[in-house]
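According to Swiss-Prot, the protein carries these features:
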type     : residues      : note
SIGNAL   : 1-21          : signal peptide
REGION   : 46-199        : region 'Metalloprotease domain'
BINDING  : 156, 160, 167 : Zn(2+) binding site
ACT_SITE : 157           : active site
DOMAIN   : 307-476       : domain 'VWFA'
CARBOHYD : 504           : N-linked glycosylation site
CARBOHYD : 770           : N-linked glycosylation site
CARBOHYD : 804           : N-linked glycosylation site
CARBOHYD : 810           : N-linked glycosylation site
CARBOHYD : 836           : N-linked glycosylation site
CARBOHYD : 887           : N-linked glycosylation site
């Protein structure tokens, strides 16, 4: 049975939780409502695909229900259908559902370049993911032998997405040493199976007998895989291998394998997946059901033309700080460039009342855009009635279309204590409201409108040189348009000039963009002198000046030349800003994009806000970019953060194209804006991107009628960056609100060093331990810690639970380096304390100058393994064997490096990744 409308207007308050995910999902009486599964623009029309999606969710719901102790099930799902597909009577217009906030994206290829199911997740353990990626072939059941049934795999990915748990297998190293014996990485450890040698040639693999232990390393030799037995008694764990028939549960505290070197142990402090799920808000607000849940219902929604109404404040306070004119400058950019061709746009202004400046007009030409620009307000007076503006905008939209799925861009600088009176109307409208708070006095309730409708919330101060207002409007591309239609910001900068000074610089137009390129310049008093040259040195003419609005713009015809576009702008005693935007040069070549994310839209001091920027070209991550966040407070103070992709501090995974940093420099309560700058340069070497962490398990093989059968080799995406990258991007990251910041200066130091997450250990000889890690800071990942506490134990659980009483290592002479630096430290184990086969676990805690301590680091592990002696070789035998060097990397727990010389000299090195 299908419901014709998606009840998205009910899915409101959950959006207050945070913004790592823009999901509309709400948990209502144990059922997940508002799930959005979007079929990407590149997927050819295929009605069977819709049925495949329905079948997967319908079959997954009871599996999820039983796996979670009768707590959760899938209640209703909206399937978002591309505009290019043929319209049908059962397809209705979306409300708040967009491709941008989709929970599941169905695309012809996954971000891995193949059919592997995968979940985007950039946050910490327990934080929600961004979205799940599936392919049509996977949904059609064409990958059953590689990934297992679609419904079970979907529940596996749902756990990544909704509860922030991680895989309990290891795709890179499938075995580890425990008490001197090799064990398959699995959870629970009660899962039984065969250790088989897999031989692959071309596109097929066969089994080649039982695995053999390497007498030097203690691990199995290369090409050994663990193949689970078909009949098991163990019910866990879904995050290990949900394809095993008996597996219907998550690992719990009782059966969790804490020693296994997997991401769940590494990222979640050895906790089981069920322990993490139990700490989620979902779990806390539910109790087990006593009856079976109903089957999911589905709504089929088809994307249509974009419908936008500008709702602009022209009250008396807009005279302050030239706000009315600045609003018109930013609105001009939106109308000229940001809003996509073919969109319908209207305009309403408001003070104490509201006024229709333009009914909905379709933008099919430059003349259509210019006509709307002429309706921008020129006079400001009166009070502020935000609800009047919204009601009038709904009326304007309803004259042409239903308000479902329409958008409102609401800008205001004033207080309005009646704004909550139209909240119900907004919820019922099905419209998405983007809010722009201008200046320090904008209504504090303003963000509620964007939060309850899934819109973008932005903030601009009156510091004109930061160009925040233009950035806010530049960020308002459609959440449903294909990326090739999006306006992409290449540059945004401003400067205060004196005495005929110049603003000089260059903008990079890379090969992925160049269409509809626009240079927009604003000033505050008199028109400046403007020079722009293309990469060939040809001066550009054709600037259009509007001295009333104090803006000039140049639209580059055709596709802009690739290279450096230079500019020189001269002025005196005023502020200039420059904004450059463009679009994809080709519909077939994805443009390089920057997607900013903050982990919360309300930050309560002293909890830090985490700023992320994902830089990609299509599905491929962009590495080694220079990425900076500019964060501006309500006081006008700006803080510049270098975002890093180093796998330390706020950054979860090294070299995945996601750049991260903690923000702790709060100076006041109120709004903070976020802006990202990204610059790519020449790469001097081939840099390999890290594979995504939350991939579905590829099944190496299975047992059928007592025989082991092997799958073809796992499809691998190299993600090798082997070309020069030269690009520039700017993007607004929206805004967040800080609360609980102390009013009195100086603000107390309440921020400890961040957790060390990349501790690695190795042992040389029989007693020299080498440690490496990335230095934390005094305040999370900023500054310099004061000292380190290093402790060790032969019990991984004791070290975690009783760190303060574990054996402490002498760290005399260890002086912490600046945050993000590499730390190296060596210490000796005492005498013959640890015998052969002993596992030694090591962890670090950082301490700052206020004696605030970080969380305990990830736990590094070394194992003392002494190979059996070979019988002596007679003197008349062949010459001694040459040196042997063996390296085996085990991400998540240990790096094993063994060097053995025939003369009896031995080095055993084990360390943690």
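Note: Cβ is positioned from N, Cα and C throughout, glycine not excepted.
Mapped onto this structure are the features recorded in Swiss-Prot.
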residue	record	DSSP (3 states)
156	Zn(2+) binding site	helix
167	Zn(2+) binding site	coil
504	N-linked glycosylation site	strand
770	N-linked glycosylation site	strand
804	N-linked glycosylation site	helix
810	N-linked glycosylation site	coil
836	N-linked glycosylation site	coil
Response to the item:
Closest by Cα to residue 504 (N-linked glycosylation site), out of the recorded positions 156, 157, 160, 167, is 160
Worksheet item: What other residues of the same chain, not counting 156, 160, 167, have a CB atom within 8 A of the CB centroid of the Zn(2+) site?
Response: 119, 157, 159, 165, 166, 239, 694, 695, 696, 697
Worksheet item: Between the recorded positions 167, 770, 804, 810, 836, which lies closest to the residue listed as 'active site', Cα to Cα?
Response: 167
Fill in: Within the predicted model, mean pLDDT of the region 'Metalloprotease domain' (46-199)
94
Worksheet entry | Of 770, 810, 836 (the glycosylation sites), the residue whose Cβ has the fewest other Cβ atoms within 10 Å | 810
Worksheet, complete the sentence: binding-site residues considered: 156, 160; fewest surrounding Cβ atoms within 10 Å belongs to 160
Worksheet item: Looking only at Cβ atoms, how many others are within 10 Å of the one on residue 504 (N-linked glycosylation site)?
Response: 12
Response to the item:
Most Cβ neighbours within 10 Å, among the recorded positions 167, 804, goes to 167
Worksheet entry | Inter-residue C-alpha distance, residue 167 (Zn(2+) binding site) and residue 770 (N-linked glycosylation site) (nearest angstrom) | 28
Discussion item. If I take the Cα of residue 804 (N-linked glycosylation site) as reference, which of the recorded positions 156, 160, 770, 810, 836 has the closest Cα?
Written reply: 810
Worksheet item: Can you tell which of the recorded positions 160, 770, 810 lies nearest to residue 836 (N-linked glycosylation site) in space, using Cα positions?
Response: 770
